[in-house]
Amino acid sequence: MQKIPLADWIETIVSWMEDHLVFLFDIISSVIEGVVNAFNWLFMLPHPLLFIAILGVLAFLVGRISLTLFSVVGFLLIYNLGFWSQTMDTLSLVITSALISVILGVPIGIWCAYSKGAARIITPLLDFMQTMPAFVYLLPAVTFFSLGVVPGVIASVIFAIPPTIRLTLLGIKQVSGELTEAADAFGSTSMQKLFKVQIPLALPTLMAGINQTIMLSLSMVVIASMIGAQGIGAEVYRAVTQLQIGKGFEAGLAVVILAIVLDRFTQRLFTSNKRRR
Amino acid sequence: MSILQIKQVSKLFGPHAEQSLELLEQGWTKEKLAKEKSVTVGVNRASLSIEEGEIFVIMGLSGSGKSTLVRMLNRLIEPTGGEILVHGKDLMKMNKEQLRKVRRETISMVFQKFALFPHRTVLENVEYGLEIQKKDKQKRRDKAKQSLALVGLEGWENKRPDELSGGMQQRVGLARALANDPEVLLMDEAFSALDPLIRRDMQDELLELQEKMKKTIIFITHDLDEALRIGDRIALMKDGAVVQIGTPEEILTQPANSYVERFVEDVDLSKVLTASHVMRRPETIMIDRGPRVALELMRERGISNLFVIDRSKRMLGVITAEDASEAMRSGRTLEDILIVDGPRVHPDVLINELFEVTSLAKVPLAVVDDSNRLVGVIVRGAVLGALAGESNAKEVGPNAENTIS
């Protein structure tokens, strides 16, 4: 029996897109690069110690004293180990991908909640995106966007967007039927129902999705470094290829610190929100 | 003209609902449709016309289609067939914009499980209907506050719904519906989730409010007692169809068929009527008045005793005319001659439990609520009179005569 030429088809599609959609990729590329650079510029603007001080104050505002202590000590350690600018590169990349994931994911999630057809098509697509080995995304990303931070962001978004979509969908579906009925009964338009009732009530679930998205995009940083995205992931990758165990551990530790701080921050942000409500 | 007319309205659930409607009209039974077409008949060609200013109760057991019917009145559920006329205009032919206008201005709804928005304060809940109409912020605040005052919830504006008790939550639900100043109020089992004592209070309050506002109220319930207490007219539903429409009296005395008969036959009046049905408005005097004033009051009203209350209407005791004139001569105060151990009952006590108390008591029976406020008085003879079908409770509530008969 003959093999189905699936690989050939994919390559044909990719090369067609490469030929015909190049202007689109250029636009996307420059936008993403602009956003990443803007964040990076912002994070590098203050002296690291000032940055850490600001971070400490923010941590104190959203959370508890333990979060403040951990953030300050953790980031001081990163500074001390000499990974400051790499960590800021990574932070810019993660925040950019999270931002894009939210901007795309929340509306898609809402669309799925409203349209059964959309949900039926998009849900398996999400399964596909999450289970496909992340390395596979790197190839087309590199083909379309060449090397550097942009394909890293793209691959991160593809890998990290599913939780935002899924949990937005879930959050909106979970709003009790009686409440949406009440919103209808008083003569709300669909938009009013969405923004005044459904989204506020879905917010805790939605925030959990965004938290997951940030974590997943952080988990992509090492992989993204393989296609030339600068940052702490690149340090890890270099250490691994050169068998420098100590160096690898240091860089890995920086990733862990960044992950924990980001996770606690987003979680806190949501719980303090809830307390205020 | 009736404010709301429902003509041959049906709702069928399942595939091919519309074709099945024809079959239903050709005489297929509900069972046959369910079996052969897997179509469920929710409401089966119901026709009602509802007059302005009445409390129209739709009653039936669960599954009788009453909740479906009421949701078709504002098209939360789309009818499969039939006509719904609001002020003579066909609701079914309205586009989205027109329908929204009806929902915003003409028909409001109160829900069984309150359906308050948990992320909004009480005040924000009440102003929701006005907010989405983009009414001026100050105006809608004022209107919402008025509406809350109407249901007795001043001072609770900034609480969250989950900080309130069930009864209070439903007051918020009612206030939210009233804030829009609708002509028609749909109340879907509005009091069913409340415990019996609170339910009774809410019924009374609804009647009191209705006295002031004269809205058209469509009230859904599965509770016959509730229907009899508050309904001006009652429609009884079974299996999606309306079986009988009539005043509470007609339903009780002339049941249209054996189903209605079975429904109402268990109604033993002595078990349905409560102290609040037979009580009269009490004659009272404030504790800080003198015996001379008390005597004058009794002479004026032609009665021989008076209930003594404090400023917050709490019941303190009873005085008799003899004691008062004695006190006037000897210069004593009302407090000295107060009889504090007179009989007291709660408004919800059934009248068959009242016989013993009334026959033993020397003074009229005081009816006091949970916070010991005097709400009525029961004189001897009133209990028997009520059982004999006399409507002697007219002074108490606008619909008392219905519940007595």
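Any Cβ shown, glycine's included, is placed from N, Cα and C.
Just so you know, TrEMBL annotations never went through curation; they're auto-generated.
The domain 'ABC transmembrane type-1' annotation in TrEMBL covers A:87-266.
Taken from TrEMBL, the feature transmembrane segment applies to A:21-43 (among others). Note on the transmembrane segment (A:21-43): residues 51, 88-89, 91-93, 95-96, 99-100, 144-145, 148-150, 153-154 of its chain, located 6 or more positions outside it, place their CB under 8 angstroms from a CB of the stretch.
Per TrEMBL, transmembrane segment is recorded for A:49-79 (among others). Within its own chain, the transmembrane segment (A:49-79) is flanked in space by residues 43, 87, 253-254, 257-258, 260-261, 264-265, 268-269, 272, which lie at least six positions past its ends and keep a Cβ under 8 Å from the stretch.
A Cβ distance under 8 Å defines the sequence-distant neighbours of the transmembrane segment (A:91-114), meaning residues of its chain 6+ beyond its ends; these are 32, 35-37, 39-40, 43, 122-123, 149, 152-153, 156-157, 160-161, 164-169, 171-173, 194, 198-199, 206, 209-210, 213-214, 217-218, 220-221, 224, 229, 231, 258, 262. Among the features that TrEMBL reports, transmembrane segment is placed at A:91-114 (among others).
Sequence-distant contacts of the transmembrane segment (A:134-161), counting only residues of its own chain at least 6 positions beyond either end whose CB sits under 8 Å from a CB of the stretch, comprise 14, 17-18, 21, 25, 28-29, 32-33, 36, 89, 93-94, 96-98, 100-101, 104-105, 212-214, 216-217, 220-221, 223-230. Residues annotated as transmembrane segment in TrEMBL: A:134-161 (among others).
TrEMBL lists A:201-228 (among others) with the feature transmembrane segment.
If you look up TrEMBL, you'll see A:248-266 (among others) marked as transmembrane segment.
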So what's near the transmembrane segment (A:248-266) in sequence-distant terms, Cβ-Cβ under 8 Å and 6+ beyond its ends?
55, 58-59, 62-63, 67, 70-71, 74-75, 77-78, 81, 83, 86-87, 90-91, 94, 207, 210-211, 214-215, 218, 221-222, 232-233, 235-236, 239-240
